[in-house]
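Structure, as structure tokens:
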């Protein structure tokens, strides 16, 4: 058993956004030339993206809404002109980005893919959206998702299921549309949200990169809540450099979100994209034995071993591979569903058809206000959302609070301590992202509840601990067509910069 170490929280202060300036300079110093090359070709690149977006919306149901093409191109032309004058606002100036449907955009329908909010037009921008726009990035559409972020396959949407490009298997959830948008090159990067794996899982299924920052690094202001202590805005792209640039813009304290981290990002040397430079910085990579679960398919297990070897080659011969134990990981999945459902039950109580959300048509059968609430919520919420609300209500009931909710919180505390102890000995952990390949929609529909929830078994531990983690694509196994090639890199508490700089090196190999 590892020694347990607690972590102290930083005091919250509203400071100027200097918190990310050092990191932004660090991560973009080697990419300025690439950013300028993108910028002076912004119009050409945007036209290709928008053509792909139209196809992705029609054929894969990736988008709930696409922005008017003329408006997008006007913004792109202005951005390209800034680059040509040498007045670019930031490295992301002129890049197109997609926005998950649970992240608010001013004067735009922001429905979290739910009938309950199908007519909700947000009156303001989420902090991440406003910061990206101020930096010159251009929103081009809103992406489909599992309703309120509840799902692992992208099938639980009021607007219908989304499909992975190429074979129409599930795209992963809940940020399904964001992953598809990036995979089809309909945008340069996309915003998603990750509560228990909702950025990393679709990124893995669609073969792109998905980054979940440390909890609190990006403001949640403007994110439609699922589970507030877990919800994290993340980024997806085919280019880790673009993820780093967009993260540098989005991250930082926000007076509208008291949970934001105000301490500076950890500094770290940015390795050049060569093995010799990597070898000068020996790293220790841990293999957590608890992730070798019975549900892990043989192909996924074989891919995991191959990925470990790949990482060692990329990071240099001095890299150490260390088996590690994170004991509380065994209890992470049930603890996650107890806590997430409890928070969802509370957060979604506001949607009753009177204060907020879809309102059922009046019926003469209604004798009480409670009956109207019941009808509105039954019509407004899909089956999976209703299930999690009911589970959460039970968890918070008097008879279950001590045995379920308090025990789940104890598991979460133990998990944080276990991870803290592990990261005294290693720099990263490498694990699978999913226990097996992306199923077909028919296969997913046939899974029972436990099988469905087990899809998240690899991703929820770092979510419960608030750790930065990233899904990175890797070649498919040679023995099977099963797409189990993506792997997850998990860094220590608040080591976002270190994770991204290492991911840049790994992706360049």
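A Cβ is built for glycine as well, from the same backbone N, Cα and C atoms used for every other residue.
TrEMBL entries are annotated by machine, without manual review.
These features come from TrEMBL:
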- 100: active site, charge relay system (ACT_SITE)
- 174: active site, charge relay system (ACT_SITE)
- 198: active site, acyl-ester intermediate (ACT_SITE)
- 47-500: domain 'Amidase' (DOMAIN)
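In three-state terms derived from DSSP, residue 100 (active site, charge relay system) belongs to an extended strand segment. When the Cα atoms are compared, residue 100 (active site, charge relay system) and residue 174 (active site, charge relay system) turn out to be 9 Å apart. Same-chain residues at least 6 positions away in sequence with a Cβ under 8 Å from that of the residue listed as 'active site, acyl-ester intermediate' are, in sequence order, 146, 149, 173, 174, 175, 192, 234. Per-residue confidence over the domain 'Amidase' (47-500) averages out at a pLDDT of 94. The active-site residues in question are 100, 174, and the one with the fewest Cβ neighbours inside 10 Å is 100.
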